[in-house]
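Step one of this worksheet: look at the structure below.
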């Protein structure tokens, strides 16, 4: 006993320690937030200083001119493209204008020939021909001005008075015209549909339901006969209250105007309630706590009586309106016990609608009370299905009606509207019945609250929305529709199954069937919800439409096929079915999809597949199924054969390819976003650009240069290696290389070109570095590099250690997709080395050799030393002066 108490006490923890732990968590969270805020502010200050210094906008004047030239060429190309489309129209216009001009000249010549010829004496200094020509021309022009030429109306209009029209106003006019046209088409289509409409309430623009006035009158007639005018008096009370609020008058004065005095109205209401009450022992029966067997028996009997009533009902049966199903769910927060799916008290009340329809005077009395904060009146229900009154409201209900008339509040106003709510019984399939049908229920739903009316109109106008609201706002607490909205977990399903077994053992088959239906609906809902894409924060980002492609290591790109059929659902942890591989003791297939692949498909898969992919597949299968092998009887080969014969889900391969393509695209986009050498990147240093070609540009390093004149040749597009470049890009790189060699040669310097291609998966931008060296050091450079390459990397390598580039360049010496290091000495060839182990090979290998030759401190070639913006600008201006005589990008032939 003592040990059990000690064990039990060991699980307790003092409030002080709990509070201390919470305080530590709060302090740690505050510290993290403070640090993040400080880092953010520091980054913002750095960006602001960078902007003020002009690092984002300043560029060399020559580079700026080159960019403007590119933009002009681009605009000219676009203009030419536009002109090409409008060339035909212009030609036709010219032909018309020429034709009109020719006709005009013919008319003028006819008029001049018909007029009398005037002879003028010639002046000696002028020839008669010239004078005559001038005279005739003058005469023609005078006649044309007076008779023929007449200005058009548009030429005389004052353009300052003309109203200007913007493109937005034109778009708005077009949009309105389109809407008007669409409305006309809809009206024509609607009129054609109305001619064939059989429902009289749909014809002539109806809503499909009888008018509300008719329904109200019919309700009042029926209610007066059956309930002694109780519903009419309640509606009268609501109308008087609304009138008092609108006119800002006293409620008792309005009651006195209509009924003489408050006492008369109270007496009428009491008489009507007595006439409507048919069962005196309803309250006693309701508050009696039944046993479990009584509950089950009452539930079964009530359901059977409901089925009989439903079967014998005639055409006068009236189904309640749908808006009763869409009321607030707050009216069901009172009794949590009755909300459970297996609650038999709820079942009993559902199965006896006649009892739920009765209104006692005490219940009505509680409606006129001003509700307090700690008091929850349970008179609020959906339809006439009332929850049990609390003790406080039951005591108050015993008082007189006089003390019940108090100042109404907003909450009481909303709760009073539940008088007119109709019964919410029935399944979802009964909710679409016509409201013109009548039922044995005593009251019909009449929306008195204007919010209810607007809700009714919305539901009538939009049937799909109504169905959705009916599903999501189901009011029965124990109904399976309400609980099947969320996906049930495994534990919840197990508990539900236990409830089903328990109900079957107790003989409550109705409850068992209900729970089974709920479980089935939950399973179906889970299957449908898996096909809906999950919402995440990515949706807030701008969506892009891209062509999904796969790229192998050699740079080959091919588009991803879209899956022809939808992907089959996994359906839990089911075992995959085996495909028959043998027929009549002969092997007919190895893999599950052998029948679907042709020889061309197999060849394509073999060409597009790489050794890395095969190694991944082999390692995954070996690690997953190695434990299943048992020596001589089931070896590793047998495991691979049986695994290959398992059937995969339909469309699984296409879906995997699509996911890989999406992952590749995202990684490439992220790499290009933070790339230092892409023009579209936000981190691109524009002030370091020296010259821009067609597909290649020349810039300076973003860190301190190894030697004076250290520069970079970089492709404009995001290319990874020289072995993956196109011919025109490689040729332009060689043109920059020749110009740089010539420039440094005139200065008495030698230069070395380096390229390191590593980490193909990370997709770094290709950089071709040019480092100038003194002549005597440049002559010794091949010896240093040859010795360093021979001693680098693994001792035993798969590839040749040293590749000579004197006869062939790097693109013809190293296969595509392999990581490599290359060095070129001026315009002569150099050496290349295929990197065996990328993790051990340093990315600064070439710079380290040059640093050793020039005795440079290691921090310059390891990570680089940052420079200020002013130092970088001076460096760019100096290099631009050197480069200007050798800049081939400004030549006209380029």
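Heads up, the Cβ atoms here are built off N, Cα and C, so glycines get one too.
In Swiss-Prot, the feature SUMO2 cross-link is attached to one residue out of 171, 331, 812, namely 171. Between 71, 360, 403, the residue that has phosphoserine written against it in Swiss-Prot is 360. What Swiss-Prot records as SUMO2 cross-link, among 192, 604, 742, is residue 604. Checked against Swiss-Prot, the range among 548-579, 612-643, 644-675 recorded as coiled coil is 644-675. Residue annotated by Swiss-Prot as phosphoserine (from the set 75, 293, 327, 343): 75.
Residues 169, 215, 372, 474 are shown; Swiss-Prot lists phosphoserine for one of them, 372.
Feature annotation from Swiss-Prot across 166, 314, 484 places phosphoserine at 484. In the structure as shown, the Cβ atom of residue 171 (SUMO2 cross-link) sits within 10 Å of 10 other Cβ atoms. Cβ neighbours of residue 604 (SUMO2 cross-link) (same chain, under 8 Å, six or more residues apart in sequence): none. Regional average pLDDT for the coiled coil (13-107) in the model is 75. The helix, strand and coil residue counts that DSSP assigns across the compositional bias 'Basic and acidic residues' (13-56) are 39 helix, 0 strand, 5 coil.
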